[in-house]
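Student: Not my notes, these are from TrEMBL:
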type	residues	note
BINDING	CYS72, CYS76, CYS79	[4Fe-4S] cluster binding site
BINDING	CYS115, CYS208, ARG278	[2Fe-2S] cluster binding site
DOMAIN	57-283	domain 'Radical SAM core'
Amino acid sequence: MTSAPEKTVLDVAREQVLERGVGLSQEQILEVLRLGDDQLTDLLELAHEVRMRWCGPEVEVEGIISLKTGGCPEDCHFCSQSGRFPTPVRSAWLDIPGLVKAARQTRDTGATEFCIVAAVRGPDKRLLGQVREGIKAIREDGNDIQIACSLGMLTQEQVDELVEMGVHRYNHNLETAKSHFANVVTTHTWDERWETLRMIREAGMEVCCGGIIGMGETVEQRAEFAAQLAELNPDECTMNFLIPQPGTPYENYEVVEGKDALRTVAAFRLAMPRPLIRFSGGRELTFGDLGTKQGMLGGINAIIVGNYLTNLGRSADQDLEMLEELNMPVKAISDVL
Ligand code: SF4
C-alpha cells in the first residue's frame, strides 16, 4: 500500500488560511519564504485568493504628505531624513495652505486616506499644534478625507490628543524583526515602538504598522518579523522595500530581487489574512511596472499614490489606471466611514 503524498506548505495554507482565516505560524512563514521560484506562481495565486476571500476586491488608496522633513535626531540606518547622516535631505516644514492643497489633491484622486508624516522621534507641542491647525483647515476646506498621522513615538497624553483631533489611524512601523532591530536603530528600541502601538490600539485608533524588507535581515528574521506583525494584528500593514539612500549606512545595500520581494509579499499575506497590506516605498525600484501588478495579484490591497516622502513614486493616474485594468475598485469613502 502506498501512503498519501505529504502535504506541502501551500496545501496546509489553503486549508488553514484560505478556508479558516488563520494566519501562518512563524515556522510556516519560513517554509513559504524558502519555496523555490518554480512555486512562486502558485504561491501568489493562493495569496490573492486569501486577500479576495478575507478582504474583498477593493483597494484602499492613500496620499501621504510630509509636514516636517529631515533633521530627525534618530539614527535609523535606512533613513535619509536622519540628521545624523550626510544625506542630501534638508530640514523643512510645510505650511498649512500647502497641507490643505495636498489633502485636496489626494481627495481628488479618489483616495480615502491622507497621512500626515513628520520626521521626528516624537511630536513636540509645535508639531501637534500644526497638526491640529492643519486638520481644522482641511475640514474647513470641505474635505472629508480620513486623516492618519505618523509622528513617531507618543506619550499617552499625545495619543489622547490625536484621538480628540479626529485622527482615526496612526502609522508607526516596527521596521524589522525584534532580533534585528538593534542593528538598524540604536537611538530607541523595538519595545518603545511596540509601546506606542499598544497605546494607539487601546485608545481606539486604527493601527498601521509595517517595515522595510532588505535591511540585511536573514530569511529567518523575515519570518520572525511577519509573525510579530501578525501578533500585533494591525488594521494595516505597510510593506516597504529598501531604497538604498545616498549618505546613509545602507547606501550600498542591494535592492531586494523582484521574485524574492513577491514571495515576501505573499508570505506576509498568508501570515495576515485580514489587514490591509499596503505597497509603500521601493516598489518601483524592486518590481518595476510588471511586478507592481503581480503584487496586486499576490496579496496587496492598498497603495500609496504620488510621492513617497523623499522618493518620487509613480503618478496617481498610472496607479488608478492599473487598478481599473485589474478590475479592482478603489475603496470609496462611504465604505470606510
Ligand atoms: S525616526 Fe523616522 S524620520 Fe527619524 S530617522 Fe527614524 S525613520 Fe527616519
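Yeah, the Cβs are placed from backbone N, Cα and C, and that goes for glycine too.
Whatever TrEMBL says is automated annotation, not expert-curated.
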Student: Under 8 Å between C-beta atoms and at least six apart in sequence, can you list the same-chain neighbours of CYS115 ([2Fe-2S] cluster binding site), or say none if there are none?
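Tutor: The answer is GLU62, GLY63, ILE64, ILE65, ILE147, ALA148, CYS149, SER150, ARG169, ASN171.
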Student: Fewest other Cβ atoms within 10 Å: which of the binding-site residues CYS72, CYS76, CYS79, CYS208 wins that one? Let me know.
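Tutor: Fewest other Cβ atoms within 10 Å, among the binding-site residues CYS72, CYS76, CYS79, CYS208, is found for CYS72.
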Student: When you average the Cβ positions of CYS115, CYS208, ARG278 for the [2Fe-2S] cluster site, which other residues in that chain have a Cβ within 8 Å of that mean position?
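Tutor: Apart from CYS115, CYS208, ARG278, the close residues are GLU62, ILE64, GLU113, ALA148, SER150, ARG169, ASN171, GLU236, THR238, LEU276, SER280, ALA302, ILE304.
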Student: Mean pLDDT for the domain 'Radical SAM core' (57-283), as a whole number?
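Tutor: When the pLDDT values over the domain 'Radical SAM core' (57-283) are averaged, the result is 95.
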Student: According to DSSP, does CYS79 ([4Fe-4S] cluster binding site) fall in a helix, a strand, or coil?
Tutor: coil
Student: Within its own chain, what residues at least 6 apart in sequence put their Cβ under 8 Å from the Cβ of ARG278 ([2Fe-2S] cluster binding site), listed in sequence order?
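Tutor: Same-chain residues close to ARG278 ([2Fe-2S] cluster binding site) (Cβ under 8 Å, separated by 6 or more) are GLU60, GLU62, CYS208, GLY210, GLU236, CYS237, THR238, MET239, ILE300, ASN301, ALA302, ILE303, ILE304.
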Student: Cβ within 8 angstroms of the Cβ centroid of CYS72, CYS76, CYS79: which residues besides those meet this for the [4Fe-4S] cluster site?
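Tutor: Apart from the listed residues, the neighbours are GLU74, ASP75, PHE78, SER80, GLN81, SER82, ALA119, VAL185.
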Student: Just the binding-site residues from CYS76, CYS79, CYS208 whose C-beta lies under 6 Å from any atom of ligand 1, please, or none if there are none.
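Tutor: The ones that qualify, in sequence order, are CYS76, CYS79.
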